[in-house]
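Student: Got these off TrEMBL a minute ago, pasting:
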ACT_SITE  His11  active site, tele-phosphohistidine intermediate
ACT_SITE  Glu89  active site, proton donor/acceptor
BINDING   Arg10, His11, Gly12, Glu13, Thr14, Gln15, Tyr16, Asn17, Arg61  substrate binding site
Amino acid sequence: MIPCILTIVRHGETQYNRDGMLQGQSIDSPLSEIGERQAEAAGIYLRDVKFTNAFVSDMQRARQTAEIILKNNNNSAGIQLMTDPLLKERSFGIVEGQPMDVMRSMAKAAGQLVPDFTPPQGETVEQVKLRFAEFLGSMLQQLMDEHRHQDSTQSMPVHVLVITHGAYMRVVCLFVNQSDHITIELQ
């Protein structure tokens with residue numbers, strides 16, 4: 001078995017983030033100037049990490065972040081950035097493009113905490129968990145296929161950079177922390 005390390009990074013700031021607006025999936029905004037600097041700082045922080053693979057959400061803000069991080073990485077030559085829509089931000093339905101306060105008010109009226117609340121036409125936490133599990137299975141299968149030739153005694157682990165979104169990452173943390181055992185079936 002080859003060791004696999006995941007480094008998961010949230011995209012840099014966008015103007016929508018700065019203004020307290022929900023983006024979700026329907027708002028595909030670019031990084032702000034601060035967001036570009038944040039991505040550059042992450043790239044500098046990770047500059048000596050030897051990533052073997054990189055996966056990114058298909059949203060512009062995540063892709064820009066990934067490109068800036070890899071540009072600042074000393075070991076990224078030859079790494080192909082794999083875009084995967086399974087890494088897309090959680091859908092916030094009818095509140096996308098609205099101030100975060102709108103979602104807070106709706107969650108409060110429903111007697112729920114904001115992270116647990118699903119706005120109309122939005123994606124539930126469980127749906128995001130399933131999407132992450134699907135990504136994980138697909139990614140691990142791809143890694144297994146790519147690195148099958150590698151001897152398990154080799155010291156170089158597979159190290160994957162994943163660039164995604166804040167609400168998605170919160171669900172990933174819940175999924176991992178609440179799971180005593182995660183089973184992924186590979187072919």
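Backbone N, Cα and C atoms are what each Cβ position is placed from, and that goes for glycine too.
For each feature listed, report its degree of burial, its nearest neighbours and the pertinent distances within the displayed model.
Tutor: In sequence order, Leu31, Gly35, Ala39, Ser57, Met59, Arg61, Ala62, Gln64, Thr65, Ile163, Thr164, His165 are the residues near His11 (active site, tele-phosphohistidine intermediate), counting only same-chain partners six or more apart with C-beta under 8 A. The DSSP secondary structure for His11 (active site, tele-phosphohistidine intermediate) is coil.
There are 27 other Cβ atoms within 10 Å of the Cβ belonging to Glu89 (active site, proton donor/acceptor).
Of all Cβ atoms in the shown protein chains, 19 besides its own fall within 10 Å of the Cβ of Arg10 (substrate binding site).
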Student: Does anything in the same chain, at least 6 positions from Tyr16 (substrate binding site), have a Cβ under 8 Å from its Cβ, and if so what?
Tutor: Leu22, Gln23, Ile27, Ser29
Student: Provide the three-state secondary structure of Arg61 (substrate binding site) computed with DSSP.
Tutor: helix
Student: For a quick check of packing: other C-beta atoms within 10 Å of the C-beta of Thr14 (substrate binding site), how many?
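Tutor: Its Cβ has 22 other Cβ atoms within 10 Å.
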